[in-house]
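Novice: Straight out of TrEMBL:
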type	residues	note
BINDING	Asn144, Asn145, Gly146, Gly147, Asp148, Gly213, Phe214, Ser215, Phe216, His217, Gly218, Thr219, Asp251	(6S)-NADPHX binding site
BINDING	Asn145, Asp209, Ser254	K(+) binding site
DOMAIN	94-310	domain 'YjeF N-terminal'
Amino acid sequence: MGSLIRKCKTMTCLLTQLPPFSSINSTYNFKSSRSLHNSSPTLLSGLIGPNSRSAIRRYCSGYSEVRTMGERAVSSLQNLLNPDSLSYLSQQEAAEIDEILMGPLGFSVDQLMELAGLSVATAIAEVYKSTEYNRVLVICGPGNNGGDGLVAARHLHHFGYKPFVCYPKRTPKPLYTGLVTQLESLSVPFVSVEDLSMDLSNDFYILVDAMFGFSFHGTPRPPFDDLIQRLVCLQNRDQTYQKSPVTVSIDIPSGWHVEEGDISGKGIKPHMLVSLTAPKLCAKKFSGPHHFLGGRFVPPSIVDKYKLQLPPYPGTSMCVRIGKPPQIDISALRENYISPELLEEQAEDDPFDQFQKWFDDAVAAGLREPNAMALSSTGKDGKPSSRMVLLKGFDKDGFVWYTNYESHKARELSENPHASLLFYWGGLNRQVRVEGFVQKVSDEESEQYFHSRPQGSQIGAIVSKQSTVIPGRHVLHQEYKDLEKKFSDGSLIPKPKHWGGYRLKPEIFEFWQGQQSRLHDRLRYSPEEIDGRREWKIDRLAP
């Protein structure tokens, strides 16, 4: 299912809940029948303290072993790599599911429309960033597909886009007039067909096709036939000198047959399709790079009744990528960072205080594993190696992590005790690099931390002869089960002698803040002696 990038993100969300080895040591276009239900609307309506090693420990010690969930998620993802393993709905099945949702299951039209529109906006934001694709035209039809578009426009506004709405055949029902009022209260412009440029690429970066859904029959009538042709003309143009806007279709590309797709071969060929509830049969003919499923509202009773095979939604997301992975030009992957400036006069005098400030920001932003850091070391052979470990405490004495003292990195550190740490907080466009001298923490400190860990992690530290060759996972599992049984009475698990902590005492800090056009901020802290006192000198480095 979906792109390699999305799959990796989904698997990472689930699998990174496991301790790293270094630590163990319809649509719904519910058009056909939703219209029967358009009555009155039912609206859908740890801070880390300064210099606190124990606070970071409390933050980091809440791990739980979720191997079963991770394996299940990976299995589901592997099964969905083949689009043929997904369920696709016929027009009749889509209408039946619509009726069930709004009948015995108690959903209302506006609830489903709100979830659908939010799913569409989320999918758009997943692929097309508001900083690069700001101006969006949402073309809405007279039915529920158009209502989905109106809801999507509202959410896109709140996501930082500048949406415009073309809604030529307005539906005079309270639900729809309410959606229009909501957009007008946000000063979202409504434009007529006559006011639109014949060449939509002059004014917009994203064109949302919300004209017709799965219940549409026949040939599009004016003005929608003309609007569809404008979208078709854009995809047929020579893009040598001008880049065309991207087209996003909601559930069904307007003008397509719901089951047979673009029969004439001359219809809309959207760049993104957002299927709702489950993909319709025509989605098998979709050849664009981005296919998402949205509308996270299908209850188990419908899944069982129609034997639906649908992908799991990652985390709290309202959409999930499905279909074939898009072909990606790696050389074209880039981010134009937009961040507050990192100025010398605003930076803390002490780099430990600056790190504490940025770490607190990463925690407050809800970034996953803000304590994850890349540890790079070099042995006597001069060959560097890196791996991800977890910070378990820091103060003015340095940065602490725990691992196996017989591992590859431990051997390198014994040969060359100089190492570097790298924290990357992508959600904030920030990095922190720390270089310094490494030494083991005291046995007392290692003992105290070891017994603060979950029992499974303690057993795992004993089982894993880290970095050694083993015949298979079954060896680990069997040893784990044996020790789990041995300590099932709750007796104290002894810390292995080969397991403990390291502390890196910083000699150099560098704080990096991503900026536009690669003009990044880089502030380096290095120690110097002033009047017999150790001070930190701040230098700005060229990006």
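One-based numbering along the chain as shown.
Backbone N, Cα and C atoms are what each Cβ position is placed from, and that goes for glycine too.
Could you tell me the structural context for the features on the list?
Specialist: Of all Cβ atoms in the protein chains displayed, 25 besides its own lie within 10 Å of the Cβ of Ser254 (K(+) binding site).
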Novice: On the 0 to 100 scale, where does the mean pLDDT of the domain 'YjeF N-terminal' (94-310) fall?
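Specialist: 93, rounded to a whole number.
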Novice: Rank the binding-site residues Asp148, Asp209, Asp251 by the number of other Cβ atoms within 10 Å of each Cβ, and give the residue at the low end.
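Specialist: Among the binding-site residues Asp148, Asp209, Asp251, the sparsest Cβ neighbourhood within 10 Å belongs to Asp209.
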Novice: Give the sequence-ordered set of same-chain residues, not counting Asn145, Asp209, Ser254, with Cβ within 8 Å of the centre of the Cβ atoms defining the K(+) site.
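Specialist: Other same-chain residues near the K(+) site: Ile139, Gly141, Gly146, Gly149, Ala210, Met211, Phe212, Gly213, Ser249, Ile250, Asp251, Ile252, Pro253.
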Novice: Hey, what's the widest CA-to-CA gap across Asn144, Asn145, Gly146, Gly147, Asp148, Gly213, Phe214, Ser215, Phe216, His217, Gly218, Thr219, Asp251, the (6S)-NADPHX contacts in the record, in Å?
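Specialist: Comparing all Cα pairs, the maximum is 21 Å.
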Novice: What does the structure give for the C-alpha distance between Gly218 ((6S)-NADPHX binding site) and Asp209 (K(+) binding site)? Integer Å is fine.
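Specialist: Rounded to a whole number, the Cα-Cα distance is 18 Å.
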